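So that you can see what the record holds, here are the features copied from Swiss-Prot:
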type     : residues           : note
MOD_RES  : 2                  : N-acetylalanine
MOD_RES  : 57                 : phosphoserine
DOMAIN   : 122-362            : domain 'PABS'
BINDING  : 148, 220, 255, 256 : S-adenosyl 3-(methylsulfanyl)propylamine binding site
BINDING  : 177, 201, 351, 353 : spermidine binding site
ACT_SITE : 276                : active site, proton acceptor
């Protein structure tokens, strides 16, 4: 698959930019590459020069009068030689710019190139909108279930990473996530009844069954998530997903909402409810985002099946999303029963951002 390599080079000059001098000084470098120049001039807004090559590569050079000079270079990400030629061109431009500015260059910024349209996508936004490039080197699994797209990609640092509908869910490196959503080692699960909502990667189930619970019930809607993870995420799930029933656990392939309603109607209660379905929505308009309705429904139903002295664990979102997290905490105050909560900030390796986890419990009856 053909991909495009997008390289950037930024200069912040210590003085106003002499656009004509820069264009003249760089012209020979682009000509050596066989590139044709086209220049657009604004009276008060500087210059835009475009350089095109017969091989399909091109460069845009934007010169702002206040001293900012930006170069964008796009070429085929074809072979090692092509990458070396691009790096050589950028090196020559950087050296020439330093010469032309007579050491008045205040700052030079050269970012790693972005490869767009490649067979392996390595870029994801963080929850708060920053771009992250992962060291992905292999697509291990890529299937569409009736509910979502399921990808498992291999990272050199983090091992296999589960990605659901474009969202990074869990990597084999992320035991910190699993421990945090289980109470960070502060809980005694011995002889306890536990309900897991979601958790198709098997990480939570794998860790809890080691702690000798009475029974763990996991409700996961997507069989294909389980199938992919039991084959390609075994450092996370061990062998617990090989069978849907074990000595102290059962996995139900069902929508959790009808199951929660059934348990509530039957009066069934759990010592722990662990919600591993979804993060707190990024949207700060609960009245416009159906995910908030889903979240409130899950919260209310979970409280109905939680014992009076039980605990409810869930993830929040990125620590920087303070407004969304505050809205979530407001929702906790609107449940059918009064609750209290605490939160913990945890570094989950593959998320590349700090993550908030919540513990919720019912207020003691007077």
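Counting starts with 1 at the first residue shown.
Yeah, the Cβs are placed from backbone N, Cα and C, and that goes for glycine too.
Model, not experiment: these values are computed from the prediction.
Locations of recorded Swiss-Prot features on the structure.
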| residue | record | DSSP (3 states) |
| --- | --- | --- |
| 2 | N-acetylalanine | coil |
| 57 | phosphoserine | coil |
| 148 | S-adenosyl 3-(methylsulfanyl)propylamine binding site | coil |
| 201 | spermidine binding site | coil |
| 220 | S-adenosyl 3-(methylsulfanyl)propylamine binding site | coil |
| 255 | S-adenosyl 3-(methylsulfanyl)propylamine binding site | coil |
| 276 | active site, proton acceptor | strand |
| 351 | spermidine binding site | helix |
Those residues of the chain, 6+ apart, with a Cβ under 8 Å from that of residue 351 (spermidine binding site): 126, 168, 174, 177, 318
CB contacts for residue 201 (spermidine binding site) [other CB atoms within 10 A, all chains]: 29
Among 57, 201, 353, which are recorded as recorded positions, the nearest neighbour of residue 148 (S-adenosyl 3-(methylsulfanyl)propylamine binding site) by Cα: 201
Sequence-distant neighbours of residue 57 (phosphoserine) in its chain (C-beta under 8 A, six or more apart): 35, 73, 74, 75, 76
Using Cα positions only, nearest of the recorded positions to residue 201 (spermidine binding site) (255, 256, 276): 276
Cβ packing number for residue 220 (S-adenosyl 3-(methylsulfanyl)propylamine binding site), 10 Å threshold: 26
Candidate recorded positions 220, 255, 256, 276, 353, pick with smallest Cα gap to residue 2 (N-acetylalanine): 353
Separation of alpha carbons, residue 353 (spermidine binding site) and residue 220 (S-adenosyl 3-(methylsulfanyl)propylamine binding site) (Å): 26
Integer Cα-Cα distance in angstrom, residue 276 (active site, proton acceptor) to residue 255 (S-adenosyl 3-(methylsulfanyl)propylamine binding site): 13
Cβ within 8 Å of the mean position of the Cβ atoms of 148, 220, 255, 256: remaining residues of the chain near S-adenosyl 3-(methylsulfanyl)propylamine: 147, 198, 200, 219, 221, 222, 254, 277
PLDDT averaged over the residues of the domain 'PABS' (122-362): 94
Listed recorded positions (255, 276, 353), ranked by Cβ neighbours within 10 Å, top entry: 276
Residue 177 (spermidine binding site): secondary structure state under DSSP, collapsed to three categories: helix
Candidates 2, 256: member of the recorded positions with the richest Cβ shell (10 Å): 256
